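Undergrad: What TrEMBL shows for this protein is this:
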type	residues	note
TRANSMEM	15-36	transmembrane segment
DOMAIN	17-417	domain 'Ammonium transporter AmtB-like'
TRANSMEM	48-66	transmembrane segment
TRANSMEM	125-146	transmembrane segment
TRANSMEM	153-172	transmembrane segment
TRANSMEM	192-210	transmembrane segment
TRANSMEM	230-249	transmembrane segment
TRANSMEM	261-282	transmembrane segment
TRANSMEM	294-311	transmembrane segment
TRANSMEM	317-336	transmembrane segment
TRANSMEM	348-367	transmembrane segment
TRANSMEM	393-414	transmembrane segment
Amino acid sequence: MATDEVFNFGPGADIGWMMVSSALVFFMIPGLCLHFSGISKPQSTLTLVRLPLITTAVVGCIWYTWGYSLAFSPAVYSNNTFTGVSWYGSDLKANAYLDVAARPVGIQGPDPNVMTGPKIPEMVYVFYQGMFACFTASLVAGGAAGKIRVGRFLLFITLWVTLVYCPVARWTWHPSGWSKVRGAMDFAGGTAVHVCSGSSVAAFAVFAQLEARDWTATSDAETVQARLPYSINHMVLGTALLWIGWFGFNGGSALGANLRAVSACLATQTAASAGGTVGLLLQWGLSRLDRMVEFCDGVIAGLVAITPAAGYVPVKYASVFGVVGAVVCKILRMIFNTYLLREDRLSVFAVHAGGGATGMLLTAFFANNATTGLDGYSRLVDRTMGARFRDQALDITACLCYAFTMTFTILVLMRIMELCCHIKTSRYTGDGSDPYPDSYEALPQFRRRNAHKEV
């Protein structure tokens, strides 16, 4: 494609909306830092503030070097069509963002080999999907904080993005991905982002408990203590930033400034509102307390649940996703955080994997062509509701099993090579986090204030 043609395709409004959406997705990462640090233990607060940002920088380098090429470059590219089913891309021209402006990107219709509708330049798509990769890795960073030292985690996340995220993103969104070819509906990352990251954090938690040889159930008092926020201000502000950024997360997945993007944003707002309200009511009904932790968890559960469905379901059904997502995530949190995943103290698996899976399954029942076609050209694959449900369930199961198995395998290999730290050693506190310099106690004023307690 000639240089002058590269600058002529793609409506300016679509490009502008995609750039704003990319910035909003990046805006979610500081929100994640604040939210995680607010609900964590004091020993881990600074780790949870800095680790997602460091992870973002590392994943940005990976995405530039080979990540985008593995996830989205075509395995076979001829006659302007994508063909074949593959796990990895093979077009080396996409490495280091070479020649990414020369191929337009659009939303595919029922035939995955035919690209329909308005197209945006590929360099815009690179930017947008790169923010998704950074956010997903930041979720894993939150779940890994306190279980592995920072330098070793950066090695882990390099392997994880290459071996876990890129294949899942490819089969979810690329026209040649097996899930995409089967007709699975994942608008903005129910599996590729939330189920994938939640399953990986679950693998971290299981690995940590195996290292510590601790499978005893937590008492009610321990569970309540673990859920007490370190800083309510951080938690609420982080949730607010996530809420704002989610409009770009879901709305930008329409790949243009159109009515489908508007519908996705409105569905996002409705689901988040319903989820937060139900989370608060559930806690009030169980304990007669209106805790902000439950409200914030309900909001995020609603946001996660609507993510795979935002561009497929009518806005009138969005509240169903928020309500069901909040209830399911509450139940999963009560079960897994008490017995099976004690080391997942931030409830990443319960909220993100549980909420993402719930949204994926509900999408099979509520998706319709009226909402999908609001952009003027997208259409659902003509399938029965049972077939849609089967494809959604298959996508969830494949992502959950693959992400968990690969993450656990990476951790085991690092442990064999002595690159993964023990959970309990003389240099670490009981929960696996460094006492210095990853906590406020490392600061001189805090150490002087608490000096009398150490005598």
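Placed from the backbone N, Cα and C atoms, the Cβ positions cover glycine too.
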Undergrad: Cβ under 8 Å, sequence separation of at least 6 from the ends of the transmembrane segment (48-66): give me the contacting residues as numbers and ranges.
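TA: The answer is 26, 29-30, 32-34, 36-37, 40, 95-97, 126, 129-130, 133-134, 137-138, 140-142, 144-145, 150, 153-154, 157-158, 161-162, 438.
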Undergrad: Give the mean pLDDT for the domain 'Ammonium transporter AmtB-like' (17-417) on the 0 to 100 scale.
TA: 85
Undergrad: For the transmembrane segment (261-282) and the transmembrane segment (317-336), check the count of CB pairs under 8 Å (sequence separation 6 or more) and say whether it reaches 3 or more.
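TA: Per Cβ check, the transmembrane segment (261-282) touches the transmembrane segment (317-336).
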Undergrad: Taking the transmembrane segment (393-414) as the reference, which of 15-36, 153-172, 294-311, 317-336, 348-367 gives the largest number of Cβ pairs under 8 angstroms?
TA: 153-172
Undergrad: Please determine whether the transmembrane segment (294-311) and the transmembrane segment (348-367) are in contact (criterion: at least three Cβ-Cβ distances under 8 Å, sequence separation 6 or more).
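TA: Result for the transmembrane segment (294-311) with the transmembrane segment (348-367) is yes.
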Undergrad: May I ask for the residues of the chain that lie six or more residues beyond the transmembrane segment (15-36) and have a Cβ under 8 Å from a Cβ within it?
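TA: For the transmembrane segment (15-36), the far contacts come to 48-50, 52-53, 56, 120-121, 124-125, 127-128, 130-132, 134-135, 138-139, 142, 145, 234-235, 237-242, 244-249, 251-252, 255-257, 261, 296, 300, 346.
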Undergrad: For the transmembrane segment (153-172), I need the partner stretch with the highest count of C-beta pairs below 8 angstroms, choosing only from 192-210, 230-249, 348-367.
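TA: Most Cβ pairs under 8 Å with the transmembrane segment (153-172) come from 192-210.
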